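Per TrEMBL, these features apply:
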- 25-32, R78, 105-108, K116, 132-133: substrate binding site (BINDING)
- H26: active site, tele-phosphohistidine intermediate (ACT_SITE)
- E105: active site, proton donor/acceptor (ACT_SITE)
- H201: site 'Transition state stabilizer' (SITE)
Amino acid sequence: MVFFKFLKSKLSQFMTKTNRLVILRHGESDFNIENKFCGWHDAPLSEFGVQEALTVAIPALAQSELEFDVVYSSVLSRSRQTAELILSKLNCAYVPIKEDWRLCERHYGNLTGCRKRMVADRYGEEQVQAWRRGYDCVPPPIDEKNRYFYTICSNPIFDDVPRGEFPLAESLHMCVDRVKPVWKEVRREVFEGTRVLMCVHGTVARALVQHIEGISNEAIEKVNIPNCVPRVYEFDLKTGGLVGAAINLGDQEYIRRKTAQVAAIGD
């Protein structure tokens, strides 16, 4: 009797149809290396960021034998470039990349281009962490005196942003709301069996974590996403629920160290 119960359990597990979704933060950009607020500035991947994609993301995905039918990215080059590197090295450059402005990083307003440590020295670490992590805390809006104002506002990659929706600064909450319609599209694809990779930004990844896991506003403030570490979710296609917790692929000590670096203001 025990044997038959065991066999029934294993058969039920085998028959359960699931699908996976992978969320990955792009490799480090020039602004990440310089510890600057980046947001909607189109900073490219740094050489280190390219190496992160090649040595962290790609081996983890390859070892897990994950395959994809479509990749989502933002219109910012650091997101798209990371996606292209991954597809190229996994020998699936034919996989389409869907770019969407709603997956752009949170807009950091007039903090854009500023070194985080210098801002902390001026306004205090508590205020800077509120701007970085607070759910409803909006940084000062970007204005014409900011050297990146015209570069951002006139960038043709944002031509699809509807009139009246172009942000001058955003809170985490505003980013969560902006990402929600895209998540609904992705969720539908996942439950249709499409294998999806999302190459996005730190705050967008956190927004997706909140939508997927349903964690509180207070809890998401404490979530930190390291660059180029694949975060895998598995869904039961029958019930729509998650199968277990999210799994971060790669060396766990490396992931812990990099997560701590993201949380800190830095030098």
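The backbone N, Cα and C atoms fix where each Cβ goes, glycine too.
Automated prediction, rather than curation, is the source of TrEMBL annotations.
TrEMBL feature annotations superimposed on the structure.
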residue: H26; record: active site, tele-phosphohistidine intermediate; Cβ neighbours (10 Å): 31
residue: G27; record: substrate binding site; Cβ neighbours (10 Å): 28
residue: S29; record: substrate binding site; Cβ neighbours (10 Å): 27
residue: F31; record: substrate binding site; Cβ neighbours (10 Å): 19
residue: R78; record: substrate binding site; Cβ neighbours (10 Å): 29
residue: E105; record: active site, proton donor/acceptor; Cβ neighbours (10 Å): 26
residue: R106; record: substrate binding site; Cβ neighbours (10 Å): 29
residue: Y108; record: substrate binding site; Cβ neighbours (10 Å): 25
residue: R132; record: substrate binding site; Cβ neighbours (10 Å): 23
residue: H201; record: site 'Transition state stabilizer'; Cβ neighbours (10 Å): 25
Point to revise | Rounded distance in angstrom between the Cα atoms of the residue listed as 'active site, tele-phosphohistidine intermediate' and H201 (site 'Transition state stabilizer') | key: 6
Point to revise | Number of other Cβ atoms within 10 Å of the Cβ of R25 (substrate binding site) across all protein chains | key: 29
Practice item. Work out how many Å separate G27 (substrate binding site) and H201 (site 'Transition state stabilizer') at their Cα atoms, rounded off. Key: 9
Review point. Where the distance is taken from Cα to Cα, which of the recorded positions S29, F31, R78, R132, H201 turns out closest to E105 (active site, proton donor/acceptor)?
Key: H201
**Study point:** Cα distance (Å, whole number) from H201 (site 'Transition state stabilizer') to R78 (substrate binding site)
**Key:** 9
